Amino acid sequence: GTSRQIPQTIIIGVRKGGTRALLEMLDIHPNIVVAATEVHFFDWDENYVKGIDWYRSLMPCSSGNQITIEKTPGYFTSPQAPERIHDMNSSIKLLLILRDPTERVISDYTQVYYNRVESHKPVQLFEDIVIKNGALNTKYKAIWRSLYDVHMEKWLKHFSLDQIHIVDGNTLIKDPLPELQKVERFLNLPSRIMSSNFYFNQTKGFYCIRSDGRERCLHESKGRPHPLVNNTVLEQLYSYFREHNAKFYRMVNHSFDWH
């Protein structure tokens, strides 16, 4: 009695915001099934042309009382994704997980840094990428990805605010349950995720998951130590994002505890 369904909910981003943690934690819920990989259907043209049946074929099997969720963090910053998702299902519910934009930039850099080290490619210091000729390098893609107001504007052209639930990524890491309970309510699901589903792993420094009699933590690539960043550079980033953050807060009628 199961079949592959087009997702009724999509985690649209943001990259390095905690999308994997959110997906894994929601997977605890008996009424949720999740896609195993990032599909990149709505943001990559070479996938989008394969059509909706190809997209559906990558989804897990679900029963009538379950909802299917996929996550691709690249959707949030994609110019095409909002319209394409709207064309598929104009009443879909979207999940967006965000964290402090400066922290997100540093986390973005950290991921690329480790990927380059593992591939034996040359690496640059964070400050050397972020600062060019004494000024902030606003062309650096990691900075552009953290301009939440710029990207959100595109989504609000196609979806109403009550279709987009924003998860606080900073809170999810420190205290997952309240954030997940808000998602349960947003998705009109019975409350099934409990505090006993989480335990704090001292070694990793974040919460791991306990469900179905087994324990699991996020991949070792998650929670990597960030580089220590020069304070002057940090202040430049905080200052640059301040106005964008304020605009974003007005857009979504909600403030966050960001620098």
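Note that Cβ sites are derived from N, Cα and C of the backbone, with glycine treated the same way.
Because the structure is a prediction, the values reported are computed rather than measured.
As given in TrEMBL:
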type	residues	note
DOMAIN	7-245	domain 'Sulfotransferase'
BINDING	Lys16, Gly17, Gly18, Thr19, Arg20, Arg99, Ser107, Tyr207, Lys222, Gly223, Arg224, Pro225, His226	3'-phosphoadenylyl sulfate binding site
ACT_SITE	Lys16	active site, for sulfotransferase activity
DISULFID	Cys208-Cys217	disulfide bond
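Here the features listed in TrEMBL are placed on the structure.
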residue : record                                  : Cβ contacts under 8 Å, 6 or more apart
Lys16   : 3'-phosphoadenylyl sulfate binding site : Pro73, Arg99, Arg104, Ser107, Asp108, Gln111
Gly18   : 3'-phosphoadenylyl sulfate binding site : Ile97, Arg99, Val167, Gly169, Leu172, Ile173
Cys208  : disulfide bond                          : Phe198, Tyr199, Phe200, Asn201, Glu215, Arg216, Cys217, Leu218
Arg224  : 3'-phosphoadenylyl sulfate binding site : Thr110, Gln111, Tyr114
His226  : 3'-phosphoadenylyl sulfate binding site : Glu103, Ile106, Ser107, Thr110
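Cβ neighbour count for Cys217 (disulfide bond): 16 (other Cβ atoms within 10 Å of its Cβ, all protein chains included).
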